[in-house]
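Per TrEMBL, the features are as follows:
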type	residues	note
COMPBIAS	1-11	compositional bias 'Low complexity'
COMPBIAS	34-63	compositional bias 'Basic and acidic residues'
COMPBIAS	178-193	compositional bias 'Low complexity'
REGION	1-98	region 'Disordered'
REGION	172-193	region 'Disordered'
TRANSMEM	108-127	transmembrane segment
TRANSMEM	139-158	transmembrane segment
TRANSMEM	208-229	transmembrane segment
TRANSMEM	262-284	transmembrane segment
TRANSMEM	305-327	transmembrane segment
TRANSMEM	333-353	transmembrane segment
TRANSMEM	471-493	transmembrane segment
Amino acid sequence: MSHSSHNNIIENSEKVADEENAVAPLSEVTAEQPVEHRDEQAEHKRRERLRDEEEQREEHEQELYGEEGIPLAEITSEPPVERREEPRPPAAPPAEALPPLSAWATRLYTVSYLIFFAIWGTLARLGVQALTTYPGAPVLTGVLWANVGGCILMGFLIEDRNIFREEWGRPAEDATKSQSQSQPHRQSSSASAQQRWLKKHKTVKKSIPLYIGLTTGFCGSFTSFSSFMRDSFLALSNDLADPSVTSATGSLIASRAKGDSFMAVVAVLAVTVSMSTAAFYLGAHLALALDPLIPTVPFRFARKVLDPLVVVLGWGCWLGAVFMAIWPPHNAWRTDAVFAIVFAPLGCLFRFYMSLALNARIPAFPLGTFAVNIIGTGVLGMCYDLQHVAGIGAPVDSWGFDPLAPSSRPSLFPGVSAELEATARSILVSCQVLQGVMDGFCGAATTISTWIAELTSIGLGTSRRRRFAWAYLYAAVSMGVGLGLLVVVMGSVRWTRGFDKPYC
């Protein structure tokens, strides 16, 4: 093959790869691996087969999501850490080709995965918060550890090359088939060949419902930007709960100077962002370290077993959560988790479709993720206000009875009328619903893991200085607008009438 013909093949392949990369800005799906890989072994792909495969995938994506495709952003982050030169993982065993899924089936599977993993991501977040909130805790923001855990998993999934290596029934090609080339020629084409393979792998990844469910669904719901902003405001207003401090008057901690409140909010912001970013890279490094041990999900098993099964599990779990909210085994379950998992799928789907609609508008500033983070933060602020106002989500002190008692018979509360008791119970339910909206809808609609992945991928193709400028701008605007919104929404109640202790 002549040198000019080889250059033409590379140019055409890179042109196709660039078109693929432009198809998908939704953050959990379009970020590159966060750890850089050096040139591995060169590979050659025939021009006709490459073109046919890419045209087939583009047609499938356009059928599903229109001409712009899926705008998820986790596949566009530039690998920041170099990896020593080593062979690419061996090709997966050949998988029997299956006909492509219809657009309707792919949408159904994707939504079902999002519902299923949103429920489990929310439960994981609430569980981690409960485990990390204890007397003497060195960090008072329990959601910090949920954000760290979600970012570790996000970095792992973005960096991983093995789990989805069968690539819709077409195993990755072995890079050792280029032995006929001369050594100088292999070295000159190694970088471009490896980049083409990585872009092809990411293009396939972004269209797999299971991958979207794990990243957008589980990681996005496991982490919460709105809870992060809530804790930042509570640190600013000196209301961040400390399990080590108890007081009969309801005051959590002693008053402090305004300068101390400034230091407190800066600490919450700095610790959360820095630890979440470090966790994201830790997840990527774990994927590299465990690369020889990570199995591959068989394509036929995923298509024939997992995809149909998740339709039943996803919608069934959501329906079961609704039934448990109506007839709870224990009243406290509503506050702890049940209402949260009822609202969580709605928040996750809201984030997914907002990202589809808006993330591609400005590549250097993902509007979809920004919008859902700010909207979710505002909704959380309003719910928090309502929950901490007597008569809406908090009791009236003069009532003098506990509405959590298992029976509704007025005789259990001497001197309390049935009408007053019914009012108290309705306020209890209101408090539980508001808590469910905050933990479920707002927690799943807002995300830290996607936000961190976007900060590492903003401005690809531009200078390093411009990339950093856009990343710092996006981070500063997100935190500034989110915290400023809560200062207006929550601060208007906190610094006027004050917060009342909620029932739940």
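Quick reminder: no glycine exception, Cβ is built from N, Cα and C everywhere.
Take the transmembrane segment (333-353) and the stretches 108-127, 208-229, 262-284, 305-327: counting Cβ pairs under 8 Å, 108-127 has the most. Taking every recorded stretch in 108-127, 208-229, 262-284, 305-327 and counting its Cβ pairs under 8 Å to the transmembrane segment (139-158), the highest total belongs to 262-284.
In terms of C-beta pairs under 8 Å, the stretch of 108-127, 262-284, 305-327, 471-493 lying closest in packing to the transmembrane segment (208-229) is 108-127. Here the listed stretches are 108-127, 305-327, 471-493, and the one with the most C-beta pairs under 8 angstroms to the transmembrane segment (262-284) is 471-493.
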